[in-house]
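Undergrad: First the structure, which I've put down as structure tokens, then a few questions once you've had a look.
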Amino acid sequence: MSLSLDFNWRYVYLIAIGLKFVLALSNSYIHPDEHFQSFEVLTNKIFSFTTTTPWEFSSDTPARSFGPLYLFYAPLLYSIKLVGYELSPLQIWYMARLQNVLIGWVITDMCIYRLLPTKPERIKGLFYTSTSYITLVYQSHCFSNSIETWLVLICVLVINDLRFIQESNVPELQSQRQYQKLFWFGALVSIGIFNRITFPAFLALPSLYLMKYFRHNKMSAIFSLLGFMLPTIAIILLDTFEFNGSIDDILKHPLDFNSYVITPLNNLIYNSKVENLSNHGLHPYYTHLLVNLPQILGPGLFFMVSNFKNQYWKTTPFLAVISGVSVLSLIPHQELRFLIPIVPLVCCCFDLKNISSASKGERITKAPPMVSVLMNLWYLFNILLAVLMGVYHQGGIVPALDYFHSNIFQENSRQSVQIWWRTYSPPPWILGDKLDTLQVLTVTDDSPQFELDSSKSNYLIDAMGSDYTHVSKLIESFKDFSGSIYLIAPIASIRKHYDISMHQVWNYTHHLDLDHIDFSDFQSLKPGLGIYELL
């Protein structure tokens, strides 16, 4: 069934490409990890910015690796540093997101083109993938999940190629050696595991075909293992150096494995304990299937499982989807972003024939009513979610930090206190503090006490979602402070809770706080983030 029924798919595809770049330059903030597990770590090392190191990089058993960060983001940052052109942190952030758009665009389109056998299938896969809000928004953000998506796609493509060779009846094709391809496959699997420990989940079922291929081509398994081991050893040595300061202990006692820092192993051990996962939130085992998957696909679910049939159920992409969702559903901590690698694979498996009333072989010149309805719902769903998650979701935090970067930290002429309330944790690297004048503190209702470092001149206090009475006491504690005191909060929260003397010095309209919406009070739905200077 052709996609070019009631519209020209090329126009929509080209518009989607443009939207990728537009949304990459928007300021939405989806999850703290997109800052704190990437640029919060790297900019401290490369630009000497004052940052906060997340627990994954600061505990005695580090759970995140430097390897993927240096591989995917450090070349950009070092290039900026070597050129010597002074870019603001905001501009650096934009460049990183544009880089992600370009990498994701090339890898995704190339893999889908090669995964699917015919032109109509390729058009369908590319069309739905490019118009999904996950592709438009999430893939430009600096998550480890974005990198995972690219690596999963390439690995699924390699396995699919090997499967095709096994199932073909062409002796010339079966006799071809795949050593180079499998070497790089092993390397990508290694990088994928160091990037996210969840990576193998998406390859569990497809790897049955890989094992079958290895059984008949044992030398290929050796090349794949070699490709896996080389980056594994390199990244372990890199992490050991970064976290321990040297690799002297390894050189002296190479067989003492306690000297090695193996971050995926530490991550696996940490996440295997429910008490650790409870610190991040526990979810029912059905959350991915019944909550996250519908939020990701929306009307696309009907393209996937209409009439409980799908002609693609034996394909490698379908097996990767089932594998990823099933394995990740066994883990009691289930966030939506964990499933974003399945999106291009799911779109390859959309089965429009199941919702078409046309008989086999009948030429379709006009889209059936149900298809037209679902297509319009698909557009509406993805446009709304792209605007919500790509523009408004916590969209004022980074611009507000950029305001302080421009007006306080570049000049370094005055003292300041920033009290952030009812926002995601502000990533300090955006402030671009190179003079070590900043102290970052976190206060909560359960832990309201803090101690200021008198050697610092600027303070960033993350009050998180504290009760407004505690925030008022926090503000009161700075009554004798000689510098400027700022409260940064959603405009709706300020209007509801505060009538103290303050002056709004800056505001950003495209900001929405979804965590403190009170549906009994429509004022809480008012978007906007403000910076208020206390008088």
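Just so you know, glycine gets a Cβ as well, placed from its N, Cα and C.
Source: prediction; values computed, not measured.
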Undergrad: Can you tell me if Swiss-Prot, going by its topological domain labels, places Ser130 on the same membrane side as Leu336?
TA: no
Undergrad: From the list Asn276, Asn354, pick out the residue that Swiss-Prot labels N-linked glycosylation site.
TA: Asn276
Undergrad: Quick test of your reading of Swiss-Prot: among 338-358, 485-505, where does it put transmembrane segment?
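TA: Going through 338-358, 485-505 one by one, Swiss-Prot flags 338-358 as transmembrane segment.
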Undergrad: Excluding the flanking five residues on each side, which residues at least 6 beyond the ends of the transmembrane segment (142-162) place their CB within less than 8 Å of a CB in that stretch?
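TA: Distant Cβ neighbours of the transmembrane segment (142-162) are 30-31, 33-35, 37-39, 68, 72-73, 96-97, 100, 103-104, 107-108, 111-112, 114-115, 178, 181-182, 185, 188-189, 191-192, 195-196, 198-199, 202-203, 206-207, 209-210, 213, 316-317, 320, 324, 337-338, 340-341, 343-345.
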Undergrad: Tell me, please, if the transmembrane segment (312-332) and the transmembrane segment (182-202) are in contact, taking contact as 3+ Cβ pairs under 8 Å between residues separated by 6 or more positions?
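TA: As far as Cβ distances go (cut-off 8 Å, pairs 6 or more apart), the transmembrane segment (312-332) and the transmembrane segment (182-202) touch.
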Undergrad: Could you give the number of helix, strand and coil residues in the topological domain 'Lumenal' (392-535) as assigned by DSSP?
TA: 41 helix, 37 strand, 66 coil
Undergrad: Return the residues near Asn276 (N-linked glycosylation site), defined as same-chain residues 6+ apart in sequence whose C-beta is under 8 angstroms from its C-beta, sorted by sequence, else 'none'.
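TA: Residues satisfying the criterion: Tyr270.
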Undergrad: Can you tell me how far the Cα of Asn244 (N-linked glycosylation site) sits from the Cα of Asn507 (N-linked glycosylation site), in Å?
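TA: Rounded to a whole number, the Cα-Cα distance is 43 Å.
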Undergrad: Residues of the same chain, at least six outside the topological domain 'Lumenal' (163-181), with any C-beta under 8 angstroms of its C-beta?
TA: 209, 212-213, 216-217, 219-220, 223, 316
